[in-house]
């Protein structure tokens, strides 16, 4: 598949976006990062997800 | 825009076929993943930021909330899995067309009108929630729900743009509604979860072993705030089960499940229930407690989400509102099309979008949503009972099905009588028992309707011969 590497990059970005959304809350809960840093991670995660997911998440031929 | 372009767009929209008056063909059915995304996103809405706090404000205890939501959501999932989805897959028709075949055009028009208005108000409510969150970010003045007039021209422009976007997606039909949900759904639950977890230290939870103590002493304290009634396990269990009465036992979700490849796809509602109506309600309850502690006595969904996750939380409110409004407006279009079958659904949806934008401009109108939903639950439950009897029971009892369809659209008075008797009886029971929760009456309403309709149809068939015409469907 010609666009296979692009899909891999897009999917990686999307999953990283979800990780950036979910994990920092636990780090903040345990005092490893501040609440402000947690909020920044959340925004970055949201942008990563919404800028990459639309290109692969609705496609039938998902990898 | 040139005339040619306008005609081309109009022709393309005319070509969108959502099988409003015919069974969905086998080639158009969808897989489980599509349903999981669609159903989950529909129940992760901006309203979750309103409902979770309600349990805090109404003084439920932590065990009331956890157990009530657990039992109620299991019952709701079972209602979709055992009643709504199997019926939708068996007939592959919309509720409205099915009801038209049973009750006749005039009667179904009344139900369609009520359903359409309810869905339209709900879409407007979602636009108000989303617009409120955007206003918070932009520093614009946001009208409260009790305010009848718009707070300014910027508010009107904001809600109009939001409703226009919702309308464009709803016009495109189930494919685009499903696509939008598929993109948003994997992200939203993490925001709810993260918000709840990250806010816990503000309430004094520093290890997970602290949670239960703080949950009982600071979050769900068991003491309602002034002016609120007391909620217990039963309120929460029935609310979790029956807040979507119209959709499951009222069969409105046959619109969606008629596209299901298998009848067991109703189990997909488990995702919506336990992410949206369990985890999200608990998380937003935690956020509400944090807001109360911060001195915000009546927090808006935007404020609640902002406390939990800052800008990302506010984005979540906007998208959650949007993903709920899309299928809602799509349903409203189908409902009203039942009244005007010769008019294309996209034209009707566009007009409904305009009406939703108008209502959202006046938040005082949509603030009555809770009352409207409770009334609609009472109106929808008998309809679900009638259709379930027609599809599963009548042939076994040798009773005639699709009465009106077999008599050139003649009104089915048994449906009208069942509807009036069950709604009236339920309301009288509600008053007589001095119940404080309208949702308590949806299940009795369903069974009263089933018994009354069965009795009336049996009585009619004893007096009139059965008139079976070979069905074209």
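Count begins at 1; order follows the chain as displayed.
Just so you know, glycine gets a Cβ as well, placed from its N, Cα and C.
Keep in mind that this is a model prediction, so the values were computed, not measured.
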Per TrEMBL, the range holding transmembrane segment, considering B:186-204, B:205-223: B:186-204
Considering the transmembrane segment (B:65-89), which listed stretch of B:110-140, B:372-393, B:413-431, B:437-456 counts the most C-beta pairs under 8 Å: B:372-393
Contact call for the transmembrane segment (B:346-366) against the transmembrane segment (B:152-174), three or more Cβ pairs under 8 Å: yes
The transmembrane segment (B:110-140) in contact with the transmembrane segment (B:372-393), cutoff 8 A, at least 3 CB pairs, sep 6+: yes
Remote residues contacting the transmembrane segment (B:437-456) - C-beta distance under 8 A, at least 6 residues beyond either end: 235, 238-239, 242-243, 245, 249, 374-375, 377-378, 381-386, 388-389, 393, 397, 414-415, 417-419, 421-423, 425-427, 429-430
Same-chain residue ranges lying at least 6 outside the transmembrane segment (B:372-393) that approach it to Cβ under 8 Å: 83, 87, 90-91, 95, 98-99, 102-103, 111, 114-115, 118, 121-122, 242-243, 245-246, 248-252, 399, 401-402, 415, 418-419, 422-423, 426-427, 438-439, 441-443, 445-450, 453-454
Cβ contacts the transmembrane segment (B:152-174)/the transmembrane segment (B:304-325), at least three under 8 Å, sequence gap 6 or more: yes
Contact call for the transmembrane segment (B:233-252) and the transmembrane segment (B:264-292): at least 3 Cβ pairs under 8 Å, seq gap 6+: yes
